[in-house]
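What follows is a single structure, written as structure tokens, with notes after it.
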Amino acid sequence: REDLWVREGKILNPEKLFFDEKGSADIQLDCKDSIIAPGFIDVQINGGFGVDFSLATNDFKSGIDLVSQKILSHGVTSFCPTLVTSPPSVYHQVLPQISVRNGGAHGAGILGAHLEGPFISKEKKGAHPEHCLRTFEAGAFQDLLATYGSLDCVRIVTLAPEMKRSSEVIRELSKRGICVSLGHSVANLSQAEEAVQHGATFITHLFNAMLPFHHRDPGIVGLLTSDKIPAGRRVFYGMISDGIHTNPAALRIAHRAHPKGLVLVTDAIAGMGLAPGRHTLGQQVVEIDGLNTYIAGTKTLSGSVATMDTCVRHFQEATGCSVETALEAASLHPAQLLGIEHKKGTLNYDSDADFLMLNDDLYVQATYIAGKEVWRQDALGM
């Protein structure tokens, strides 16, 4: 219980080393009473540090490299770069430039893209530009393929399940191993349940951009306690635990109703890590004021500037849950959602050695990927 053994990028069962190989550690590291936890996985991040994943630029790769490098200090060891609703030309330009890759000293690993839109509801578009929204009316899955251009590196698609022909699209995406998330939607509970029966497994930022909970028809929120979820399946839900997007009481309600499904996401935008002022989110201009981010000139929230470690601390404080529970919401649960829990999200033997050292207040002290230190808080506390 006191030691974590690592070899060749994996967490090692030391029994084999002791008894079969009669070996011992080459390098020993005193962790000075730190908490060791699996690396965080962010499945919804729109950008950061001035980089917007929904903007087609010639140096898109250097932008994604910058973000993956900088989020190491937040404890994020792998992530899904997220694109908000955009014109097809943007998907066609950007998606070929996103490739799934392992993390390392160069930055957090990329698990594949999260495409949030454009097949979402006009009423609940949030910060998504209305003129880019689309439906499945004509060709269903073919329309989606034509819009995105390719699904090669796509890991998650957020769509509104009340749209006509969404069932066939959900089935086709699930068949290809792509996670379907319900969000930006006015779906009622039975539409949401039907989507889950066809393969949807995630809810995009619960409570945000969906119908509010109503006791006669709880809408998508009702999936948390639905008895119509197929046996052996779990519905996960993302929450932006930044103290702004969801009241702490709403966070507590969701967590108590369905603790095993809660996945912390930052939903961070280009302005994360930057000074207050005007920044972009896809086709829109947003204004940052403290931790609030609005579409310029409105009071519509548009993503967040919270970091993943901040979300973990806020979640633990708001719910009073155990430290383990807070850490699992940012590591184990997103790994289970993506079906990679045999490799990531735990400290089990044979998992990838992506782990963090944290102090008792859950501030990140050091980040490791594949057993190598990729970031450390320096002595000055920078």
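Easy rule for this one: first residue shown is 1, then count along the chain.
Heads up, the Cβ atoms here are built off N, Cα and C, so glycines get one too.
Annotated features, as they stand in TrEMBL:
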DOMAIN    35-374  domain 'Amidohydrolase-related'
BINDING   Glu116, His184, His205  Zn(2+) binding site
BINDING   Ala127, Asn208, Ala209, Arg216, His245, Leu301, Ser302, Gly303  substrate binding site
ACT_SITE  Asp267  active site, proton donor/acceptor
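Known features from TrEMBL, placed on the structure.
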residue : record                             : Cβ contacts under 8 Å, 6 or more apart
Glu116  : Zn(2+) binding site                : Gln44, Thr82, Leu83, Val84, Thr85, His128, Thr158, Ser181, Gly183, His184, Thr204
Ala127  : substrate binding site             : Val84, Leu281, Gln284, Val286, Ile295, Thr300, Leu301, Ser302, Gly303
Asn208  : substrate binding site             : Gly126, Ile240, His245, Thr246, Leu301
Arg216  : substrate binding site             : none
Asp267  : active site, proton donor/acceptor : Gln44, Ile45, Asn46, Thr82, His205, Gly238, Ile240, His245, Gly303, Ser304
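Taking every pair among Ala127, Asn208, Ala209, Arg216, His245, Leu301, Ser302, Gly303, the residues recorded as binding substrate, the greatest CA to CA distance is 30 Å. Apart from the site residues Glu116, His184, His205, the chain places the Cβ of Gln44, Gly117, Ile120, Gly126, His128, Thr158, Ser181, Gly183, Thr204, Asn208, Ala209, Asp267 no farther than 8 Å from the centroid of the site's Cβ atoms, the recorded Zn(2+) location. One residue stands out among the binding-site residues His184, His245 for having the most other Cβ atoms within 10 Å of its Cβ: His184. Sequence-distant contacts (6 or more apart, same chain, Cβ under 8 Å) of Ala209 (substrate binding site) comprise Ile120, Lys124, Lys125, Gly126, Gly183, His184, Ser185. Taken together, the residues in the domain 'Amidohydrolase-related' (35-374) have a mean pLDDT of 96 on the 0 to 100 scale. Neighbour density around each Cβ, counted as other Cβ atoms within 10 Å, peaks among the binding-site residues Leu301, Gly303 at Gly303.
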